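Presented below is the structure to which this report refers.
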Amino acid sequence: MTSNTAMIPSFTPSMNPSTKGTDHGVEDGVTGEKLLFFNYHEYSVKNYRLIGENTEDFHEQALIITHFPNFHVPRDSNTFEGTRIVRISRYFKGVGVFVPQFSPYLPGTEPAAIFGDDDTNAKFIVQGEYMGQFFGTSSYSPLSEYLTEKEFREIVEEINVQLRDAYNSWSLINLLLFVLDLLSFWIMSDLIHSLSKRKLDALFNFIDTRNKSLEKRGIKIISPRDSGFLSVCIVSTVKT
Amino acid sequence: MEENDRKPWFIRLVEWLVTFPDERRSQNGDGDGDGDDGRDYTDVRRNYQVWNSKSQVFVMGGRFRTLKRSLRGWITFSCCIIPFVLFCIFEASWWWHKISPGVVITFVYSWILCTASFIKASTRDPGFVPHNVHLTEDPYNIPEEYRNVISLPCSTSKKGVQVRYCLTCRSWRMPRTFHCSKCDQCISIHDHHCVWITNCVGERNYAYFFAFLVFAVFSSTYLIVLEYVRLFYNDDVDTTLSNTPVTLLILIMAHITILYPLLLLILHVSLIAKGQTTREYLRTWKIHRYDNPFSMGNILKNSVYALCKPRGYSAVSSRARYEPGDVRFRRFES
């Protein structure tokens, strides 16, 4: 994300990335510490150009990569150059192990997110440039500039509710259709648009409807199916 | 499209019947990260024609799939067909008229169900995870954090679940998702790669695979009973054999076809009851009191979840229209 109002870089020390869930996962087998959730899509780089400097250099304070190229469109298109995506990771609390569920945390607010030294500065602050894009030193992504935590949570929780409904094994209709499909030599599921597909169509319609209002604010939700139900991508326009 | 129209109709028919997407990608020189985004695919209409796998083969316009080396799959298919055909030709008439038409109808129904389950299990999407869903700024330079196994909290186990980044598919693998080198894909809830159905067994075809085992065992058992009854019906085995020598052949074949499916069926019944996949079982069978995060704690719930889970849409459709530049059909070799 580019920004024409370059923020004064703050060199306040942030949490060491080694405290992220990765190491917690390794340590927990030994110490039994509680696992914490974080957005595993983000990663850190230490060779970048600090705002205010002219060249790329090594810095102790890592830049956190929280947004990515929009590979959902062709690379030579204007949309590719003009947009970035923030990825919402899968979440495994509740029924998340059995049904696709997505993180209700706005990126940067997860329990094991990397915070800046000043906890009140809960937003995306540009502090460095890496490969032509601008990032901060905390887990906050540019999405924080478009959605509040409450708005984000409402959207993702609605998606999660509809996914739970679509993948509910225990509905009587689902069990009945399974038996009929079996008895019909598995042909019925090829001929009839299944119940779970209809419910997923309703989810995609919800996303399309929501996008009509979100696009006016400069963001758009990409259907989970486009990323194989592995993440929800939210496209935002690059601010120039 | 113009290039496609220039090809003779029989060439296009053959290509529709059997499609080798890897050969097309090699001919066009794309999918190797040279930056042209697949725009040289002038005659590609659907995703299966440029599928991102070195071993997948598509049949009948992408409606069915198999692998390049599928001899054992054909052997299994022959075992489904040959006893059935022999019975229908040589034995069915006797059973229909001497005993009851119901016997033949039940036999035919169960055997067709077994074959249909085999075809579904072996030719359908087992739960493919699309490639290149989670590319970074530089697809050829994977971050160090992406090379770690990450443990995340879950509600069913204190040890949590693990996610990892697939370096081949360039996507984050969810728990129970593993990469199969034979299929050259990541498979969701990967149970095992079964060479006898020439396909992986995963989230989307586990029910078909289990049904194939159940009906293979049932049909073989039924056939064995029928043939023994037929053999000893007149209390004169020699006369029966001289009249219908095929009875003995069918009996021997039925004994062979029941063996392996019966062993697998016993294993999978226990796995379903415990809420485990074959991979998890092989990794944890020595662990006393394994804390399984994927078990619902109840045999019935585990069974319903394993077999009756709604399949929904596939993560990537083989028959969907190909969008030029679709990064899921490119190959980034690092």
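Heads up, the Cβ atoms here are built off N, Cα and C, so glycines get one too.
Here's what TrEMBL has on this protein:
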| type | residues | note |
| --- | --- | --- |
| TRANSMEM | B:73-96 | transmembrane segment |
| TRANSMEM | B:102-119 | transmembrane segment |
| DOMAIN | B:164-282 | domain 'Palmitoyltransferase DHHC' |
| TRANSMEM | B:206-226 | transmembrane segment |
| TRANSMEM | B:246-273 | transmembrane segment |
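Residues in the domain 'Palmitoyltransferase DHHC' (B:164-282) partition by DSSP class (helix H, G, I; strand E, B; coil) as 67 helix, 18 strand, 34 coil. Long-range contacts of the transmembrane segment (B:206-226) within the same chain, counting only residues at least 6 positions beyond its ends with a Cβ under 8 Å from a Cβ of the stretch, are 80, 83, 87, 91, 95, 103, 106-107, 110-111, 113-114, 117-118, 120-121, 124, 189, 191, 194, 197, 250-251, 254-255, 257-258, 261-262, 264-265, 268, 272, 306-309. Here the transmembrane segment (B:102-119) has Cβ contacts under 8 Å with residues 64, 76-77, 80-81, 83-84, 87-88, 92, 95-96, 197, 208-209, 211-212, 215-216, 218-219, 222-223, 226 of the same chain, all six or more residues outside its ends. Outside the transmembrane segment (B:246-273), and at least 6 residues removed from its termini, the chain residues within Cβ reach (under 8 Å) are 79, 82-83, 86-87, 90-91, 196, 210, 212-214, 216-217, 220-221, 223-224, 227-228, 230-231, 240, 281, 299, 302-303, 306-307. Confidence across the domain 'Palmitoyltransferase DHHC' (B:164-282), taken as the mean pLDDT and rounded to a whole number, stands at 92.
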